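Per TrEMBL, active site, proton donor is recorded for B:K206. What TrEMBL lists as NADP(+) binding site is B:L12, B:G13, B:G14, B:G15, B:S16, B:V17, B:G18, B:A19. Marked as NADPH binding site by TrEMBL: B:K106. The L-homoserine binding site annotation in TrEMBL covers B:E191.
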2 protein chains.
Amino acid sequence: MIEYRNLRVALLGGGSVGAQVARLLLEQKEELANRVGAGLDLVGILVRDVNAERTVDLPQELFTTDAESLILGADVVIELIGGLEPARSYILMAINSGADVVTANKALLAAHGPELFEAADHVGAQLNYEAAVAGAIPIVRPLRDSLAGDQVNRILGIVNGTTNFILDRMDVAGDTLEEALAVATELGYAEADPTADIGGYDAAQKAAILASLAFHTTVPLASVYREGITSVTPEQIESARKAGYVVKLLAICERLVDEEGRAGVSARVYPAMVPRSHPLAAVHGANNAVFVEAEAAGSLMFYGAGAGGVETASAVLGDLVSLARRHVAGGPGFAASSHADLPVFDIGSVTTRYAVTLEVADEPGVLATIASVFADHHVSLALVEQSMTPAQPGTASHAPVSSTATLVIGTHEATEAALAATVNDLAANPVVTQVASVLRVEGV
Amino acid sequence: MIEYRNLRVALLGGGSVGAQVARLLLEQKEELANRVGAGLDLVGILVRDVNAERTVDLPQELFTTDAESLILGADVVIELIGGLEPARSYILMAINSGADVVTANKALLAAHGPELFEAADHVGAQLNYEAAVAGAIPIVRPLRDSLAGDQVNRILGIVNGTTNFILDRMDVAGDTLEEALAVATELGYAEADPTADIGGYDAAQKAAILASLAFHTTVPLASVYREGITSVTPEQIESARKAGYVVKLLAICERLVDEEGRAGVSARVYPAMVPRSHPLAAVHGANNAVFVEAEAAGSLMFYGAGAGGVETASAVLGDLVSLARRHVAGGPGFAASSHADLPVFDIGSVTTRYAVTLEVADEPGVLATIASVFADHHVSLALVEQSMTPAQPGTASHAPVSSTATLVIGTHEATEAALAATVNDLAANPVVTQVASVLRVEGV
């Protein structure tokens, strides 16, 4: 295998996302090098003040205020400053110096996307931005690559966690908008000035990016119709609930034909009623989800945490590893990335929870007997429910009715081996008439 | 912009997926060329019998039985034959001749993935396989690229549509397994021999692929523990329902530490109880969903149609366009793919449904007046509900009680412009006390 020189990675911005990106780059250095086929060396972090207090402990010598030296000395530049300037100039400087770029800057992409992508195309640089929409949820890459051979007809997105949290509180807890916003602020889901979120401005930026990507056309931010949630009332939410709907702030991107028969697109953001049966209705709290309707693929949904420093850092690192792999031959092959060489454990070592249904003799002491069988194998019980088995009609005429009971037992986590041994012993135990059912319990 | 020569695309297999891929390649020729930056020429379709009847009308001259000539003359080979041989030999022939490959063959990847990926890495060929797992749902690319900088800890997947359809019928309609299977067969969700599906073999192949990808390690099919759904009883489903669970056939990939402290992974397939509140519980019918828990990204879910010819064709074409783009400089940039140049329509041209709440005088003829305002603007009504507005406590002492009523009106699709004009007229109409609420209705 060819050895590649390490790639020099510059980080612009040391805020909540930047600090997590730096931490993961340092902590996962070896693992990431294996995945890429070349090392990723974090060479510096651009900050306003090198002596400011940090929430994450990082080597002091990484911090710098010298943007130009940092950018011009890097193979890859990760822009996490946000805002239009100097982010735009820094990205153009990076591209023009031959570096690849990763950015999470939705405001910049919505305002200056075409300029930046043209600059990147011109020199053959890569510009990745998965983190700019819906945080850690992979939506940019699926739209750009996975659906590249399909026709997207519509996107309905819950792309702002703050407003979804607020509307969900209003729906679930009956809060007013003000009460729900206060809770969101207290829990850190809303910023001190919540205008960008509750006014729908943040969602509109994401709608512009999604529509541009989905429809292979330029959708300027100014053409995105926008209403926030500030006028949503508890009465509207209540009346929607009664009718079987829930109110969500949606970013909608749609392929349309207008009244004159012209093909075109629409991008818009507003609060709307969504049927409770729609997958988007089940998106609670500060989560995000993007529902995509494509000509061939049908309906798809992508769901996850929409924001947060470490979640967004995951998307940034995915972009970084993807573009770094293109620096090395072979790309992200199965064999190339199959470096971990981990043992695959037998089912016996796996732990999960179980629901065991037993038919047992209805006699004193039976429960204690059963419980001790579980205890013998160190399987601890989370729940025991006993119900009388109804006498079978037509079976009670001659034989004396031997009364049985049904026991439903839920276990805590146990290994498959321990559970199998327990079930064996239960089946052999004279108080057990039948092991009626053994099912594993997942997702709890 | 540099002009690239067209890419020669060979299709192996003319079945339900292959026919849809061919159709889309021909119908979308110009659009796909724009997205790639070079034309994609379908040069032939390998079939067993060139004169067999086809479900999709395709040019007869494309069909051939000469595998070698077709493969050796292609830049990209799409393998949709299925099974181990001759699919494996054909893919190796393609790779060794310098072609890139797209395959949807899960059985082959689960059995011979490492060999194929090593061969591709060796010559620097691309081997894409998004369609091999969960049909049109983008899951391979998110795991391989988007989460490439993260650590996946667990995957819970509903990756077999047939068994999900059967278990869903048993849960929702109270069918037995046999009854549900009969319905699935009738509707085309189950094959004549359903063993691969209901025995969990299909899901086990997908689990092997997902685990290999997620954990960057080789997970042989033989090491995947497998139980099908054949022993799931209506009693288990009923008892799960009572306890707040639903039974799903899950493919589970998990990062584990065993009792001796060794790190390793597990891949397994079995029916399990899932809490009704879990996002996977809401996956109905023949749909698929993959729930991923990652260290930094948190919980993500990918949802959509799991199979079907045209859905799977979407994933195949996405793979094709992605790899074809790597033949041309610049890759899938924003500007490069922004070729469509579609108009972005103003909100006035957008059509959607509306829920309008009005407070009106409770007098004879009011409903007719209101209805005619909507009719004047060609907005047709889907639903009208009238309820008396309760008299406000403490307001009824002196003034004569002027009785008002609340009207909730649901419209059919109308343009924003027509709705806005309607609302204006309603507000000005003397019988309307107040336009209490106007909300759009989406996702119906």
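Placed from the backbone N, Cα and C atoms, the Cβ positions cover glycine too.
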*Which of the three DSSP states, helix, strand or coil, fits B:G15 (NADP(+) binding site)?*
coil
_Cα distance (Å, whole number) from B:K106 (NADPH binding site) to B:V17 (NADP(+) binding site)_ = 14
*In the same chain, which residues outside the set B:L12, B:G13, B:G14, B:G15, B:S16, B:V17, B:G18, B:A19 have their CB within 8 A of the centroid of the CB atoms that define the NADP(+) site?*
B:L11, B:Q20, B:V21, B:A22, B:I45, B:L80, B:I81, B:G309
*Taking the Cα atoms as reference points, how far is the residue listed as 'L-homoserine binding site' from B:A19 (NADP(+) binding site) in Å?*
19
*Express the distance between the Cα positions of B:G14 (NADP(+) binding site) and B:K106 (NADPH binding site) as a whole number of Å.*
17
*Measure from the Cα of the residue listed as 'active site, proton donor' to the Cα of every one of the binding-site residues B:S16, B:G18, B:A19, B:K106, then give the nearest.*
B:K106
*Alpha-carbon distance [the residue listed as 'NADPH binding site'; B:A19 (NADP(+) binding site)] in Å*: 19
*asked:* Quick check for the class: what is the C-alpha distance, in angstrom and rounded, between B:L12 (NADP(+) binding site) and B:K106 (NADPH binding site)?
replied: 15
*Three states by DSSP: which one describes B:E191 (L-homoserine binding site)?*
coil
*B:G18 (NADP(+) binding site) to B:K106 (NADPH binding site) - Cα separation in whole Å*: 15
*At the level of the C-alpha atoms, what whole-angstrom distance separates B:G15 (NADP(+) binding site) and B:K106 (NADPH binding site)?*
16
_Cα distance (Å, whole number) from B:G13 (NADP(+) binding site) to B:K106 (NADPH binding site)_ = 15
